[in-house]
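This report concerns only the one structure given below.
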Amino acid sequence: MAESVAARVASLRRFLGSPSGGACVLLLASLAGFVLANSPWAAGYTALTTTPLTLSVLGKRGPDTIDAWVSDGFMTLFFLVVILEIKTEIVTGHLSSPRRVALPLIGALGGMIVPALTYLLVTCGHPEATRGWAIPVATDAAFTLPIILALGRHVSAGARAWLMALAIFDDVLGIVVIAVFYGNALYWPALAAAVVVTAALIGANRIGIRTVWGYATGCILLWIALLGSGLHPTLAGVITGLCLPATALGRNVGQATPLDRAASALTPVVTWVILPLFGFMNVGVSLRGIHPDMMVDAVPLGIMSGLLIGKPVGVFSATLLSTRLRIATLPAETSMGKVFGLSLLCGIGFTISLFIANLSFPDSGLVIPAKMGIFAGSVLSALAGWLWLRFSPEQ
């Protein structure tokens with residue numbers, strides 16, 4: 001009996017420490033937000049997410065509610081972890097050579113351009129709707145990884161690594177889009193301060209400073225400066241991640257690097273706290289007044305088309321072209337048929353897509369239809385990808 005209990009506890013710990021465990025918590029938190037928003041306690045849920053909590057920097061209004069703090073503040077750590085993941089892969093992982101980097105990067109570029117064009121094609125003639133062109137460009141690794149792990153032998157280890165690298169590149173490209181296209185009017189003194197802090201972080205790396213707390217302080221100062229500058233403050237996580245040293249020096253060689261220590265400390269926080277909070281705050285869409293025919297309106301139809309059609313077409317065609325031109329090679333035990341199935345899974349756009357939807361339609365009635373399009377497109381993409389990879393004949 002004791003051995004049985006111990007085995008179950010060990011199994012639970014393994015699950016909680018796995019990507020699938022994190023995805024389950026994110027899904028449960030998101031469902032909780034959705035259920036509360038459509039329950040008799042909807043008013044309490046709305047009051048919680050919109051609780052005033054205002055910050056102003058240099059005359060620029062910052063996050064003013066709890067859900068805004070989650071999106072503009074806590075999500076900075078999510079973007080930081082994304083950058084740390086890709087740096088780790090480049091230094092020691094599956095992206096440690098240019099040819100290994102090329103395939104997922106080219107696929108991610110195709111998976112960004114074609115969905116955006118698909119969305120713009122569907123929403124042409126609706127000027128306000130076109131602001132959401134970037135919503136279908138990102139892939140959510142938190143949900144794609146558990147699906148391909150559940151497929152087991154149907155997806156090779158090399159194919160899994162390729163999809164995860166592509167999803168990370170997708171997130172990075174999404175961050176670039178946010179920084180470039182979704183900022184406010186620039187305030188140059190604050191932008192100059194952000195440049196100074198960035199230069200200090202780069203200098204700290206160059207002169208061999210390996211104290212993580214120094215970079216954490218720099219990240220906070222950079223976040224404040226970016227908030228005042230008009231650029232999106234979550235860019236602070238990206239810049240700090242790029243500046244964190246990936247190597248140890250001197251007597252510390254062989255020990256954990258600052259990058260490793262930061263990733264070890266932040267990944268559980270992001271997985272178990274920040275992403276579930278984000279899902280809980282952003283998926284609480286009330287269905288009151290929403291009719292099925294609203295799903296064919298420009299915004300949700302454009303998002304669904306971008307995720308379900310644009311994503312797989314963009315990723316697959318870019319990957320096929322890069323292999324035909326011998327720019328990159330497919331992973332071992334991976335056919336173009338498998339690539340197509342994995343390309344379908346790339347249409348699972350959740351975290352970044354919701355994030356961009358909030359930025360695209362602030363204080364607009366279009367944000368709820370946008371979220372409905374994200375949910376529908378992501379679910380259909382997950383189902384289509386799973387069915388293809390599970391039941392299609394080997395190519």
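Note that Cβ sites are derived from N, Cα and C of the backbone, with glycine treated the same way.
According to Swiss-Prot, the protein has these features:
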type: TRANSMEM; residues: 15-35; note: transmembrane segment
type: TRANSMEM; residues: 66-86; note: transmembrane segment
type: TRANSMEM; residues: 101-121; note: transmembrane segment
type: TRANSMEM; residues: 132-152; note: transmembrane segment
type: TRANSMEM; residues: 161-181; note: transmembrane segment
type: TRANSMEM; residues: 184-204; note: transmembrane segment
type: TRANSMEM; residues: 219-239; note: transmembrane segment
type: TRANSMEM; residues: 265-285; note: transmembrane segment
type: TRANSMEM; residues: 301-321; note: transmembrane segment
type: TRANSMEM; residues: 339-359; note: transmembrane segment
type: TRANSMEM; residues: 366-386; note: transmembrane segment
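Counting Cβ pairs closer than 8 Å to the transmembrane segment (265-285), the top stretch among 132-152, 161-181, 184-204, 301-321, 339-359 is 339-359. A contact links the transmembrane segment (219-239) to the transmembrane segment (66-86), because at least 3 Cβ pairs that are 6 or more residues apart lie under 8 A. Note on the transmembrane segment (301-321): residues 103, 106-120, 122-123, 129, 132, 135-137, 139, 166, 295, 330, 336, 339-340, 342-344, 346-349, 353, 370, 373-374, 376-378, 380-381, 384 of its chain, located 6 or more positions outside it, place their CB under 8 angstroms from a CB of the stretch. The stretch with the most CB contacts under 8 Å to the transmembrane segment (101-121), chosen from 184-204, 339-359, 366-386, is 339-359. Against the transmembrane segment (339-359), stretch 366-386 has more CB pairs under 8 A than any other of 66-86, 161-181, 184-204, 366-386.
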